[in-house]
Amino acid sequence: MNAMLNIKEGEFTSTIYTLIHEHKFNDAIRILQYQHERNPKNLAALSLLGYCYYYTQDFQNAADCYSQLSYNYPHHSQYKLYHAQALYHAFKPAEALNVVTTIQDDDLLNESIKLEAAIKYQEDDLVNCRILVDQLPTDDATVLINTACIDYKEGNYSEALQKFNQATEFSGYQSGLAYSIALCYYRRGDYNSSLQLISEIINRGIKDHPEFHIGMVTEGFDVNVVQNSMTLHESALIEAFNLRFAIYYKTKDFKAAKECLTDMPPRHEHDYDPVTLHNLAINTANTDFGDSSAKLQFLLGSNPFPQETFANLLFLYCKNDYFGLAADVLAENPHQSFYCLNEYQFNLLEALIYMPTSPEESLKKLEKLDKECMTRLRKIAVEIQIKKEQKTSDKDDSLEMRNLIESYEDELELYLPVLMTHAKYYWDKRDYLAVEKLFRASNEYCNEHHTWKLNVAHTIFMQEKKYKEAALFYEPIVNRKYDGGILEIPAMVLANLVVCYIMTNQTDEAESILKTVENAEENALMSNPNEKYFHNSIISLVIGSLYCSKGNFEFGMSRVVKALEPPEKKLGVDTWYYAKRCIVAAIEMMAKNILVMRDSVVMEVIQFLSSCEIPGRNIYTVPDDLFEQAAESKVKCNVTYEARMLKAALLTVFHGS
């Protein structure tokens, strides 16, 4: 043990306290562990070891230390209290309660009652929690805070807010209290007030704790990770960044939400708290299904985990068509189904899961959900109209109006998944008229919603003869970010609008979009030269696919090949998908002797396929599968393998003709 060898005789105690004072807890823990192994009954070493574990939030090891101390020194009631506190923080409420009930020291009575109340709070036993808190002295600020926490958990956010503010006046500024107030504002829908308090917490953290490297990862600096510690916990920085993430995510400012996760003090992944891990998972849900689902699965097996984890994992499975897995998780966790899912979520999940096997039953559930959502939407719409007619300028009434509007928007967010699930059933059957009929029926309530307008545009576009009407829906979506953030618009939206323009002879408008996207990609590459940008490629691929579908394969294939030059920069999962569709269609037509292409075009395609082999090795053509795959099958799931197969097939039909 080198650390021990470096300590001079007689300097053991001063060395340990110096390490603790300098927050070098890992070094102190290593020395204390060694000392404890040499002398298991060393009171000082074991007590300090428990303290270090507790400070670094390793509560299970802290509980083990205090368990030994309370066993070896039963008359030291303080150790029993520390043992119970460590078990409580390790989320073992039953064990913590067993320990705290053995404390008989009158001097620790109030602390014991506080801890027992906290345990009841953790178990959601709010009735007994309030009874215990009422036994405590009323002049204690922590009692006021505890009462506020109970009010918050009961949904009485205004009362909780008032008590947290009183506690702040009584105790002075504390980051934890400021966070609690911000959380109450968030629950009341007052996001501006919440964000102001969050900013204050973060600014104080930047000033008081430069060692936490706040915001440096976002700026691109390579910094050391931060360990979990009581100082980090008391700063409330992690909680503040996660709350800011929740606000931005809810208001659909996903870029700002992502920055919240990189702005917070950097930690190792194994040190992440459950809320941070959950937020990281939902942040990548649309881009990295495997990583997102793995994080949510891990959380589901942890204690505790955010209540939203269960629903988010199930909806993530359904979104990616893993209905069997979703059904298994639902069946294997009946307790979580009852605790974590409300009636709406449960019914929607059942409709999604059983749609492939029992569509009639699923459609009945969806129709029932549809009616329930529409009823609530109509009710809130009437309340909003009444409020508007009153035309009051009172602040409370203004907040009430804002809350009504937010309730309407929240209800709309509940209705849209029902509508889209219903529409998807007909979409998969290519019954686009039925889909359009569903959307028209919801026009009164959804016509301002971005998702609704986008899906209406797609539905009209797929009917082929309604390109002009489809363009009218796509144009507002594109125009919102045309001049500054065109690359933030999904490439398929731009591609479909370009096709609409081409099919309605509006070539100038189509060229304008292509030029704007090209310039935006060039500017983006100057800032991030190692990044890949696929918008221009996907648009060109869709245009190429359009010409192929109209029978002009030679021009279409040339457009496809040029869209992916150079492959090192342009090859990706999406771009390869559109390219290979055209190539497969051409091979099929040539094999049937329906199509004859010039030799130069065929050789151009063969050369393109050859150029895809090297950059395509690490581009997998199937989503991350949750089932273990054999090594051989995984080799066949990348661009390299598919490019070689297509080249062989193309050469076969080319020489055969």
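Even glycines carry a Cβ here, placed using N, Cα and C.
Look at Swiss-Prot and you will find 9-42 tagged as repeat 'TPR 1'. Look at Swiss-Prot and you will find 43-76 tagged as repeat 'TPR 2'. The repeat 'TPR 3' annotation in Swiss-Prot covers 141-174. Positions annotated as repeat 'TPR 4' by Swiss-Prot: 175-208. Marked as repeat 'TPR 5' by Swiss-Prot: 238-271. The repeat 'TPR 6' annotation in Swiss-Prot covers 384-417. For 418-449, the entry in Swiss-Prot reads repeat 'TPR 7'. Under the heading repeat 'TPR 8', Swiss-Prot lists 451-484. Residues or ranges marked as repeat 'TPR 9' by Swiss-Prot: 537-570.
When Cβ-Cβ distances under 8 Å to the repeat 'TPR 5' (238-271) are tallied for each of 9-42, 43-76, 175-208, 418-449, 451-484, the top count falls to 175-208. This prediction places the mean pLDDT of the repeat 'TPR 8' (451-484) at 91. Sequence-remote contacts of a segment are chain residues at least 6 beyond its ends whose Cβ falls under 8 Å from one of its Cβ atoms, and for the repeat 'TPR 7' (418-449) they are 348, 351-352, 355, 359, 362-363, 366-367, 369-370, 373-374, 377, 381, 412, 455-456, 459-460, 462-463. The DSSP breakdown of the repeat 'TPR 7' (418-449) into helical (H, G, I), extended (E, B) and coil residues amounts to 25 helix, 0 strand, 7 coil. Residues 416, 419-420, 423, 427, 430, 432-433, 435-436, 439, 442, 493-494, 496-497, 499-501, 503-504, 513, 516 of the same chain lie 6+ residues outside the repeat 'TPR 8' (451-484) yet bring a C-beta within less than 8 angstroms of a C-beta in it.
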